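All remarks here apply to the structure that follows.
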Amino acid sequence: MLAVAVLAAGKGTRMKSALPKVLQPLAGATLVERVLASAGNLQPERRLLIVGHQAERVEQQLAPLGGLEFVLQQPQNGTGHAVQQLIPSLQGFEGELLVLNGDVPLLRSETVEALVEQHRASGADVTLLTARLEDPTGYGRVFADADGQVSSIIEHRDCTDEQRSNNLTNAGIYCFNWTALANVLPKLSTDNDQGELYLTDTVAMLPKAMHLEVADADEVNGINNRRQLAQCEALLQQRLRHHWMDEGVTFIDPESCTLSEGCSFGRDVVIDPQTHFRGRCVIGDNSRIGPGSLIEDASVGTNVSVVHSVVREASIGNDVAIGPFAHLRPAADVGDGCRIGNFVEVKKSQLGAGTKVNHLSYIGDAQLGEKVNVGAGTITANYDGVNKHRTMIGSNSKTGANSVLVAPINVGERATIGAGSTITKDVADGALAIGRARQMTKEGWAERKV
């Protein structure tokens with residue numbers, strides 16, 4: 001059996017944020033969510049989150065994930081003290097305890113799986129993850145023999161100058177035999193510079209301690225301040241971009257684009273500079289997104305072009321052109337072959353196949369059939385000051401430039417709305433509707449004014 005415990009009680013003082021450190025966002029997910037995901041493939045029987053600072057807020061945010069047990073650490077008196085809080089919860093548990101840090105979000109699932117696998121194969125009481133760092137300042141040093149048996153871990157602040165020359169560092173990630181660990185946890189002492197209980201001290205108390213050296217030291221980067229958060233964001237973005245490049249996606253200027261873990265791209269997709277993807281996005285084959293676009297929680301079909309536009313919680317069919325400077329808001333559903341042009345906003349509306357809204361229009365709370373041609377400056381006036389109302393436009397209809405459709409209204413199929421009209425009544429199939437003042441021309445007006 002396997003239990004996973006994530007240390008998530010710290011204040012994160014150096015972040016200087018009202019948000020708990022483990023809830024800071026990184027490429028579309030919180031730090032602690034990424035840590036939990038790294039152990040997901042192991043399918044642990046127990047998942048425990050040790051909380052302290054703003055515990056209620058952390059629990060509220062993470063509870064929807066399901067299957068989490070929250071354990072309170074109050075006060076926060078070190079990593080050893082945190083794990084001591086698990087003793088009541090794991091009473092009678094027999095198996096391994098994997099201990100992860102809630103602020104180490106770049107850890108790959110393959111690394112976590114290798115740690116647990118090695119621990120089980122070696123029969124060790126504890127196996128810890130280690131990394132060799134060019135600059136190990138601030139990290140605990142791991143001392144081990146040639147066979148990988150660990151003799152001790154000494155925190156940086158407690159090291160002598162000679163001990164600090166060792167660059168094998170403790171990543172703060174452990175796989176324990178829980179029964180063995182539970183026996184030594186009560187023996188921890190605060191006899192150190194910080195006066196805290198260190199989980200690292202249990203390593204020297206256990207008969208057999210082994211270590212696994214991680215291949216990529218960036219995986220165990222911890223986050224304590226905004227600069228480190230930005231560094232981890234850059235590393236994770238690079239990892240995501242490289243993954244999708246290997247899957248057949250072209251980035252014209254990779255470092256100017258950002259992705260989230262929930263993105264999915266088809267083959268031969270091209271991403272132009274300054275384009276950003278947030279949340280869960282699906283982009284179909286042969287589409288080109290950007291430059292200067294934001295796609296968030298949206299679905300985009302094949303052979304689609306999106307230029308200098310914002311697409312949020314919307315669905316776009318195949319062979320569609322969007323932009324420049326279009327805004328697709330939540331519940332916009334754009335059918336195959338549509339054209340949404342410059343300075344067009346679409347909200348909570350369905351556009352049938354082949355419909356064109358080329359210029360300067362607002363389409364809100366509307367349903368447009370197939371091959372509708374919306375003239376420049378057409379507005380669906382959906383709000384009466386109290387409620388929103390629907391506009392229905394049938395297939396093959398046309399609206400002239402600068403027309404306003406005052407909802408609720410139903411325009412039939414093959415209907416035409418004259419330019420400059422304000423339409424307040426339903427329009428039948430095949431009808432022409434004109435709703436504007438008759439033009440009055442006064443000859444010689446300019447001369448009379450003089």
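The chain as shown is numbered from 1 upward.
A Cβ is built for glycine as well, from the same backbone N, Cα and C atoms used for every other residue.
According to Swiss-Prot, the protein has these features:
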type	residues	note
REGION	1-226	region 'Pyrophosphorylase'
BINDING	7-10, Lys21, Gln73, 78-79, Gly140, Glu155, Asn170, Asn224, Arg329, Lys347, Tyr362, Asn373	UDP-N-acetyl-alpha-D-glucosamine binding site
BINDING	Asp103, Asn224	Mg(2+) binding site
REGION	227-247	region 'Linker'
REGION	248-450	region 'N-acetyltransferase'
ACT_SITE	His359	active site, proton acceptor
BINDING	Ala376, Asn382, Tyr383, Ala419, Arg436	acetyl-CoA binding site
Intrachain neighbours beyond the region 'Linker' (227-247), with Cβ under 8 angstroms and 6 or more residues off its ends
15, 24, 26-27, 105-106, 218, 221, 254-255, 257-261, 263, 265, 267
I'd like to know which of these binding-site residues, Gly78, Gly140, is least surrounded, judged by other CB atoms within 10 A.
Gly78
Using Asp103 (Mg(2+) binding site) as the reference point, find which of the binding-site residues Lys21, Gly140, Tyr362 has the shortest Cα-to-Cα distance to it.
Lys21
Which of Asn170, Asn224, Asn382, all binding-site residues, has a Cβ with the fewest other Cβ atoms inside 10 Å:
Asn224
Roughly where does the region 'N-acetyltransferase' (248-450) sit in mean pLDDT, to the nearest integer?
97
Counts of helix, strand and coil residues, the region 'Linker' (227-247), according to DSSP:
20 helix, 0 strand, 1 coil
What's the number of neighbouring CB atoms sitting within 10 A of the CB on Ala376 (acetyl-CoA binding site)?
19
Rounded inter-Cα distance in Å - Asn170 (UDP-N-acetyl-alpha-D-glucosamine binding site), Tyr383 (acetyl-CoA binding site)
61
Just to verify a number: CA distance, Ala419 (acetyl-CoA binding site) to His359 (active site, proton acceptor), in angstrom, no decimals.
14
Candidate with the highest Cβ count within 10 Å, taken from the recorded positions Lys21, Arg329, His359, Arg436
Lys21
Spatial separation of His359 (active site, proton acceptor) from Ala376 (acetyl-CoA binding site) - C-alpha basis, Å
5
Can you tell me which binding-site residues out of Lys21, Arg329, Tyr383 are within 10 A of Asn224 (Mg(2+) binding site) by Cα, answering none if there aren't any?
Lys21
Going by Cα-Cα distance, pick out whichever of the recorded positions His359, Asn382, Arg436 is nearest to Ala9 (UDP-N-acetyl-alpha-D-glucosamine binding site).
Asn382
If you count the C-beta atoms lying within 10 Å of each candidate's C-beta, which of the binding-site residues Tyr362, Tyr383 ends up with the smallest number?
Tyr383
Return the residues near Leu7 (UDP-N-acetyl-alpha-D-glucosamine binding site), defined as same-chain residues 6+ apart in sequence whose C-beta is under 8 angstroms from its C-beta, sorted by sequence, else 'none'.
Ile50, Thr79, Ala82, Val83, Val99, Leu100, Asn101, Gly102
